[in-house]
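*Asks:* Here it is, the structure, as structure tokens.
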Amino acid sequence: MTTFMVSKRFRPPIFLHRFINPKPISSQTRFLHPPDNQSRDISDSTTETISTLEFPHKTSVPNHSPLTSTSETENHVDDARVIEVLLGRRNDPVSALQYCNWVKPLHRLCEGGDVFWVLIHILLSSIHTHDRASNLLVMFVSNNPTLIPNVMVNNLVDSSKRFGFELTPRAFNYLLNAYIRNKRMDYAVDCFGLMVDRKVVPFVPYVNNVLSSLVRSNLIDEAKEIYNKMVLIGVAGDNVTTQLLMRASLRERKPEEAVKIFRRVMSRGAEPDGLLFSLAVQAACKTPDLVMALDLLREMRGKLGVPASQETYTSVIVAFVKEGNMEEAVRVMDEMVGFGIPMSVIAATSLVNGYCKGNELGKALDLFNRMEEEGLAPDKVMFSVMVEWFCKNMEMEKAIEFYMRMKSVRIAPSSVLVHTMIQGCLKAESPEAALEIFNDSFESWIAHGFMCNKIFLLFCKQGKVDAATSFLKMMEQKGIEPNVVFYNNMMLAHCRMKNMDLARSIFSEMLEKGLEPNNFTYSILIDGFFKNKDEQNAWDVINQMNASNFEANEVIYNTIINGLCKVGQTSKAKEMLQNLIKEKRYSMSCTSYNSIIDGFVKVGDTDSAVETYREMSENGKSPNVVTFTSLINGFCKSNRMDLALEMTHEMKSMELKLDLPAYGALIDGFCKKNDMKTAYTLFSELPELGLMPNVSVYNSLISGFRNLGKMDAAIDLYKKMVNDGISCDLFTYTTMIDGLLKDGNINLASDLYSELLDLGIVPDEILHMVLVNGLSKKGQFLKASKMLEEMKKKDVTPNVLLYSTVIAGHHREGNLNEAFRLHDEMLEKGIVHDDTVFNLLVSGRVEKPPAASKISSLASPEMRSSY
């Protein structure tokens, strides 16, 4: 590359004189001249390059020129001579350009050197050749990709000083533009910095180009830095600059910042264009400041005389839908359409999605149909939204209809949508439809191995074992070989259905196909047999596993220990745990210890549970919430409340929070000790800890107050329970009715019994005994008779329990006519009696009432059924 040092160009002293006085030293010039008849008509097109400026009608050199060839001219005319001629034509840029084209090839000219920079300065001196200077700089940067901006700027400045040219901002700006045109944004940024250092005012369009490139490249900080430098030298930019800064803020997900930029520009009295208004609206929507967005839409119409674009209106509609304001979203859409702007698919999709979220599928469907009527074709997203919401609302006929419409217009559903459809069909008990959709998606290459696994898992989780089997066969027919994961899921489904023979046969089939069982395979089978109380078959699987030299891991041993505890072999489970720790050096998890502790608690052996807890701590295993909950429950059941409280203190010292089951056990324990004050204090702590009491907790408290005859407190709890949305169960009603009848409140007891029947809860033997023993007393009959007459006078229909009590009372006292009359009256009113209660009341066979403490112990379904 030609050096930029001028000392090597000149031949002092005579050539130095020539630069000072460009006249030749003789009447015959020694420099080559272009032909005088050369055309000087030069286009102003900025896209034209310097190469187009070579002589189109080049003739032989003039007679006064030396007889040398062009190649000789290129090789032997040195830069000093060319510069002398150029300086002589400095006031005629077109002539200077023609001379350079003739004497120096373009590729050599763009290598750099003083000739290039002198020509640039000459071209910049005339408005007619500005574009030529700009294009030359673009080519120069392209030919010198490694020349850093600092060197370029120094050459530009140095050449202007040495050859007496005025240095204008245009020269620097054209150099900046050259870097931009060559996509050298790193050098463009450096060049901009050098310009700012020299207090050169940049051309705003060029800076905008730099900002645009940086924003597109997500170099937001660099873009902001350039803008700040721009402002420091007094250049605020134009609307495009503002747009770029706002886009940068939106890319950073800082819409508030974009809004501030817009407001700052408006405060300076700027006149925003449509695009700037649109960006401001988008920023306001993302803030979201929808009041501002609507104000901007109105202001835009007022200042520009035209409504916003479809894209801008769509932004506002989408924002209102996100805020859940469907009414305003529809109003904006109607306004848009009223201005003759067609509804966009994006806006329509957003509105449809909003209607669906608000469970207004009818309106969503109407909008979808309206969109089609207006000639707007639904896209993949629109169809997917409709199908997804129909599936969520279990309207599978509509879902399938839209799914097929989607395919009919050749829009391929995504794998996610296929999965949603299959899941919906399975929930709707339509496994055949699910299989058909899968088969269709497979033919369309939408389904793949991973998706097959997910769909198969859906079948298994929902207990659709037959459909899962058909699916497995379908996969095999299509060449997809099921792996061990498929077989594990199939076995798990059979185990959950208690089909252990089928689970075992699947295991055998897997072995026949040469698939190796893994830890989950054995765990599933072993756990399944233990849960079905089939200890023998569980051990058969364990022995088969050991015989195959399979190395069991902690998962399997945890399963075995947990299973032994479930079948009442807790001591055996503990022995196995100790052997694993001692012989195999296994570090068993907290789960195994918890299973053993819970096993001992269930059989009432709290001492062994505590011993296991201590061993657990000695072996370096920290107890968790489950551990303490099991122990607290055991102590409460064995009426050792002091130890239960001690466990809670230890739990808190380890920074573990009591969970709802632990609180439930403590509350139940104190209720059974008739310590309702402590029980209710614990109950009051639950909301403060973010725990919602369940039906078991309420039942314990209601039972406790009933045992003490405090039915007012029990009624208050019942009302709170209902207000909190906790559904009462059979035990709740049994306890309440028992207490109310003993308290003589037959009216409320009757209402609760009717409520129980209305909810579809079937009374059991215990409730029947409570009713018979409570209603068969002489006092209750008289009270019920009086209540019946009062209700009739008030034209209020008595309930079945009240009728049954009065009829049975008359029957026992021999008033058969009155008994039959009331029976017929009851049937005429459409009241169907409870045969069991009625027969017991009439027969007079009254069982001994269960003790209150006995009834209160039946909180769990297991204990209730065993009574």
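Start at 1 and count along the chain as shown; that gives each residue its number.
Even glycines carry a Cβ here, placed using N, Cα and C.
Note that the structure is a prediction, hence the values are computed from the model and not measured.
Copying in the features that Swiss-Prot gives for the protein in this structure:
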- 60-72: compositional bias 'Polar residues' (COMPBIAS)
- 27-74: region 'Disordered' (REGION)
- 168-202: repeat 'PPR 1' (REPEAT)
- 203-237: repeat 'PPR 2' (REPEAT)
- 273-307: repeat 'PPR 4' (REPEAT)
- 309-343: repeat 'PPR 5' (REPEAT)
- 379-413: repeat 'PPR 7' (REPEAT)
- 414-444: repeat 'PPR 8' (REPEAT)
- 448-482: repeat 'PPR 9' (REPEAT)
- 483-517: repeat 'PPR 10' (REPEAT)
- 518-552: repeat 'PPR 11' (REPEAT)
- 624-658: repeat 'PPR 14' (REPEAT)
- 694-728: repeat 'PPR 16' (REPEAT)
- 729-763: repeat 'PPR 17' (REPEAT)
- 1-49: transit peptide (TRANSIT)
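Locate each feature and note its surroundings.
*Replies:* Assigned with DSSP, the residues of the repeat 'PPR 1' (168-202) fall into helix, strand and coil as follows: 26 helix, 0 strand, 9 coil.
The list of residues near the repeat 'PPR 2' (203-237) in space but at least 6 beyond its ends in sequence, with Cβ under 8 angstroms from a Cβ of it, reads 169, 173, 176-177, 180, 183, 185, 188-189, 192-193, 196, 244-245, 247-248, 251-252, 268.
Same-chain residues lying 6+ beyond the ends of the repeat 'PPR 4' (273-307) with a Cβ under 8 Å from its Cβ atoms: 239, 242-243, 246-247, 249-250, 253, 255-256, 258-259, 262, 265, 313, 315-316, 318-320, 322-323, 325, 328, 332, 336, 339, 341.
According to DSSP, the secondary structure content of the repeat 'PPR 5' (309-343) in residues is 26 helix, 0 strand, 9 coil.
Remote same-chain residues near the repeat 'PPR 7' (379-413) are listed as 345, 348-349, 352-353, 356, 359, 361, 364-365, 368, 371, 420-421, 423-425, 427-428, 430, 433, 437, 440-441, 444, 446 (criterion: CB distance under 8 Å, separation of at least six residues from the stretch ends).
Taken as a whole, the repeat 'PPR 8' (414-444) shows an average pLDDT of 80 in this prediction.
With a cut-off of 8 Å between Cβ atoms, the residues of this chain six or more beyond the repeat 'PPR 9' (448-482) that come close are 415, 418-419, 422-423, 426-427, 431-432, 434-435, 438-439, 441-442, 489-490, 492-494, 496-497, 499, 502.
According to DSSP, the secondary structure content of the repeat 'PPR 14' (624-658) in residues is 26 helix, 0 strand, 9 coil.
Under 8 Å from some Cβ of the repeat 'PPR 16' (694-728) lie the Cβ atoms of residues 660, 663-664, 667-668, 670-672, 674, 676, 679-680, 683, 686, 735-736, 738-740, 742-743, 745, 748, 759, 852-853, 855-856, 859-860, all in the same chain and six or more residues away from its ends.
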*Asks:* Under an 8 Å Cβ to Cβ limit, what residues of the same chain, 6 or more beyond the ends of the repeat 'PPR 10' (483-517), are close to it?
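*Replies:* Those are 453, 456-457, 459-461, 463, 465, 468-469, 472, 475, 524-525, 527-529, 531-532, 534, 537, 545, 550, in sequence order.
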*Asks:* Using DSSP, tally how many residues of the repeat 'PPR 10' (483-517) sit in helix, strand and coil.
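*Replies:* Grouping H, G, I as helix and E, B as strand yields 26 helix, 0 strand, 9 coil.
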